[in-house]
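J.: Input: one structure, supplied below.
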Amino acid sequence: MGFYSLKQLLLLYIIIMALFSDLKLAKSSSPEYTNLIYKGCARQRLSDPSGLYSQALSAMYGLLVTQSTKTRFYKTTTGTTSQTSVTGLFQCRGDLSNNDCYNCVSRLPVLSGKLCGKTIAARVQLSGCYLLYEISGFAQISGMELLFKTCGKNNVAGTGFEQRRDTAFGVMQNGVVQGHGFYATTYESVYVLGQCEGDIGDSDCSGCIKNALQRAQVECGSSISGQIYLHKCFVGYSFYPNGVPKRSSPYPSSGSSGSSSSSSSSGTTGKTVAIIVGGTAGVGFLVICLLFVKNLMKKKYDDY
């Protein structure tokens with residue numbers, strides 16, 4: 001086999017290795033905390049003939065993304081006049097690092113535009129952060145207003161689960177107040193997490209969390225997991241019969257703890273693809289080495 005074929009194989013090997021790198025990058029570029037939980041879009045479209053609202057909205061997005069490198073909560077109002085101002089905020093989950101917070105929040109402006117378009121108010125909630133904005137004069141809602149709920153499909157009634165979950169709820173409610181707005185813990189294989197919006201006091205936070213937990217008990221019953229999102233706080237729980245998995249955040253995504261099997265399936269698929277691509281790359285490298293040796297031997301015999 002000539003030098004030209006060897007060159008082709010070398011190029012193929014480089015392409016395979018590049019693909020392998022892209023697969024690893026793609027896997028690491030979509031962390032758990034960027035999963036979309038829900039969106040809330042005002043029905044009324046934004047009338048903006050002067051473009052002032054758009055300017056204020058763009059400035060607000062820029063401020064929120066910039067501040068997400070320094071803090072997990074930030075609220076601001078932008079605009080040239082009070083009539084054309086926009087108030088917005090973001091909040092990251094309390095267990096995220098500054099870097100993770102930024103990675104989460106930086107996705108929200110684009111997502112908000114894609115999911116809601118230009119409306120007078122919008123809210124986009126990911127697993128690890130959310131963004132909210134509204135124009136001046138937008139009607140306010142109660143902090144206890146239910147925005148979104150989800151309960152796991154599997155039930156675990158009759159196993160003592162509800163008693164354990166309710167005990168975990170009590171621990172979490174006290175912990176959120178003591179933690180000034182965020183708390184996560186595990187109690188007898190029940191993982192619970194609660195967080196309040198960063199601009200409310202401990203007393204209001206406690207009331208909001210209590211309301212959310214009561215809703216979780218009623219709405220989700222004996223479901224293996226659940227999430228309740230109110231306007232000013234949210235709670236989530238998940239029961240893991242075999243123990244809470246050791247990972248950066250076992251906070252349940254918007255299905256149930258059964259969703260962990262989905263994550264596991266995704267991870268298995270990724271590993272399988274990586275093994276196939278890696279194996280192919282290894283074989284390709286071996287073939288190239290053998291051909292290189294063959295060419296050297298051929299050249300040696302040609303010289304005699």
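Including glycine, each Cβ sits where the backbone N, Cα and C put it.
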J.: Have a look at Swiss-Prot and say which candidate in Cys92, Cys101, Cys104, Cys116 forms the disulphide with Cys41.
T.: Cys116
J.: Name the cysteine that pairs with Cys104 in a disulphide bond per Swiss-Prot, restricting the answer to Cys129, Cys151.
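T.: It is Cys129, per the disulfide annotation in Swiss-Prot.
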J.: For Cys41, Cys151, Cys220, listed as disulfide-bonded residues, tell me which one has the smallest number of other Cβ atoms within 10 Å.
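T.: Each of the disulfide-bonded residues Cys41, Cys151, Cys220 was scored; lowest Cβ tally within 10 Å is Cys41.
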J.: Do you know offhand how many angstrom separate Cys220 (disulfide bond) and Cys41 (disulfide bond) by C-alpha?
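T.: Distance (Cα to Cα, whole Å): 25 Å.
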J.: Roughly how many Å lie between the Cα atoms of Cys41 (disulfide bond) and Cys205 (disulfide bond), rounded to a whole value?
T.: 25
J.: Spatially, and counting Cα to Cα, which of the disulfide-bonded residues is closest to Cys129 (disulfide bond)? Options: Cys92, Cys101, Cys151.
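T.: Comparing Cα positions, the closest of these disulfide-bonded residues turns out to be Cys92.
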J.: Which value does the mean pLDDT take for the region 'Necessary and sufficient for plasmodesmal targeting' (273-293) in this predicted structure?
T.: 50
J.: Taking 10 A as the limit, how many CB atoms besides its own sit near the CB of Cys205 (disulfide bond)?
T.: 25
J.: Cα within 10 Å of Cys104 (disulfide bond): which of the disulfide-bonded residues Cys116, Cys151, Cys196, Cys205, Cys208, Cys233 qualify?
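T.: Checking Cα-Cα distances against Cys104 (disulfide bond), none of the disulfide-bonded residues falls within 10 Å.
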